[in-house]
Amino acid sequence: MLWNNVIEIFQITTAIFSCLLNILLTFLILKKSPKQLGAYKYLMLYISWFEIAYSILDVIVSPIIYSKGAFYMIIVVTKDSKLFSKHALLIIECIWTGFFGTSMGIFALQFLYRFIVATRSDHLMLFKNYRIFLWMLIPVFFGAMWGGASYTLVSPNPKIEAAMNNSLLEVFNLKIEDITYLGPYFSNDNVIFYKSVICVTFLWMILVTSFILTIHFAFKCYLALKTNMKKSSRGFGNLENQIFHGLVAQSMIPVILMYIPASLLFLFTFLKFDIGKYGSIVNLTIALFPALDPLPTIFIIKNYRLALFGFMKTSKTNSSTVGK
């Protein structure tokens, strides 16, 4: 079985799990959320629906990442496509990269909101009513910048194509005319390609900014919760504690599956370190992210956990009754 077939099977499998788990989480948010959750309920719905869309788009694009020396390619196979033209698939691929940028904004926004709630800040008014939907546009802006930079600065390059044709045929059994792609090419024969350098620097700044904001607000949130737990009512304090532990678990998932793999891909390319087809480990971890991300929320927030276990217990009882 070719490596690209393994990737495709993995992407489809994780997309199915992602859709099922996020649909389940959507139901739990709508039907079983505690009243104290407030506007955070809408932010959680936004994230669940985003992850469903991300998983579906990942299957449509089915990206393959290949890295060699001073460049890497995010490859989309176009030869078998009957629905989309080659250029249309390039645009869809840019949207897919934009979704990665959007996820960077979402991570920071989550912890910013929880920090404001934990500190009982007057700034919470900025999230009331329709305003929370305006905040939701910020991650979309991150995504638009990421996708726009990819399309403008690292779209198909004849210099990459000349260097890649033999490798594509050998590793993936593909020719350059069978694909479209995005990818930076830093240098060749002591010539620096500044558009690629500018693009990766810009994307790296978005990634680092998101990471710093996420860690900063997570730590501030922890300190605020530690101080306020003694002052809060037991029910509200427990909910805050559950939400925070859920966010801590959720923050570890993107750190391991998004921040670190993407950073290493940028670094290896900049250092001209060959990782070949194993660059696709990055898009495997990206595909895995929306399938794992709902789990901490489902199992750590008590209302959701009890509702799920209650449903499973009822289903088991009904099955036993039918079997008698």
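The backbone N, Cα and C atoms fix where each Cβ goes, and this holds for glycine too.
As given in TrEMBL:
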TRANSMEM  6-30  transmembrane segment
TRANSMEM  42-67  transmembrane segment
TRANSMEM  87-112  transmembrane segment
TRANSMEM  132-154  transmembrane segment
TRANSMEM  192-225  transmembrane segment
TRANSMEM  246-268  transmembrane segment
TRANSMEM  280-301  transmembrane segment
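Contacts between the transmembrane segment (280-301) and the transmembrane segment (192-225): absent, as fewer than 3 C-beta pairs lie under 8 angstroms at sequence separation of six or more. Contact between the transmembrane segment (42-67) and the transmembrane segment (192-225) is not supported: fewer than 3 Cβ pairs lie under 8 Å, counting only residues 6 or more apart in sequence. Note: the stretches the transmembrane segment (87-112) and the transmembrane segment (192-225) are in contact (3+ CB pairs below 8 A, sequence gap of 6 or more).
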